[in-house]
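The feature domain 'Sugar phosphate transporter' is assigned by TrEMBL to 102-354. Among the features that TrEMBL reports, transmembrane segment is placed at 43-62, 98-118, 185-204, 210-230, 242-262, 282-304, 311-333.
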């Protein structure tokens, strides 16, 4: 009797067990599909962040090019440049670009504060503790900016481009040391191609300048420090992206004011105002640039948090290409043979880097 009951029970359970067995592959397939969709969404998020960063950066460069040409005056020689000028007279300083950035960052602070006031965005009120945590980002940025301007007074643009590519290697090493992110041979090969292109472009500009190399090496460390600490800040500081933009622009204002004064830019602005270069049209374009600066800050935070410090640095290096091409189309900027070589080889290196990253994401 017991045997018959067991047989009957087994007969009843068999279809149910069979049904469960059939459902198992579907469950596994569903989990695999979800992982694939999540990977695709992550890749799309990274791609969109890079595209927004390149677009905003390119527009910002072109806008500032117009503003700089409007303020085509010579700032006073800075004290630091005078100290380093031993036996080499540098070319004249560029227009007061730090002052332009100062005004644009002030516009960005006003805009993001207005957005918070009308409750379109939200972030905590100013907190000195958070400001202290974010301050190294702005300090690295200001040092990066200042050393870049000083290096440009002594070195050619192709030579500076070589060093900027080498700075990406510092970022790779720093990301491995600080965040434990390894680098594939494909990425190293892509970097090598981009550096090779920069060296080819600078082959005819290898004049030695101690002051220029000193400034540019300092700029490399400041650039890598900025990118790496920005990555750390976006991960460790509990703020929305708009909150990060607020602190990033607000804390930069006093630092930029000091650097601009140190470079003698106030006198240059007074001279520009005296000849009517600073007018309503100038302020409107500068306000537009400040709005772009807000978007560029958002894009930077988004890009470095969605990708990696290395990818952010590579995109930052490659976005000079669309700026150069659009500058040629809109401002009749001459693209030299050396620049053409750099653009061509850098594009190849950029495609190699993108392919390697896509291959890693598909695994």
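Backbone N, Cα and C define each Cβ position, glycine as well.
Looking just at the domain 'Sugar phosphate transporter' (102-354), the mean pLDDT is 80.
Ranking 43-62, 98-118, 282-304 by CB pairs under 8 A with the transmembrane segment (242-262) puts 98-118 at the top.
Under the criterion of 3 or more C-beta pairs below 8 Å, with sequence separation of 6 or more, the transmembrane segment (282-304) and the transmembrane segment (98-118) qualify as touching. Same-chain residues lying 6 or more positions outside the transmembrane segment (210-230) and placing a CB less than 8 Å from one of its CB atoms are 81, 84-86, 88, 90, 136-137, 140-141, 143-144, 147-148, 150-151, 153-155, 159-160, 163-164, 166-167, 170-171, 174-175, 178, 300-301, 304, 309, 312-313, 316.
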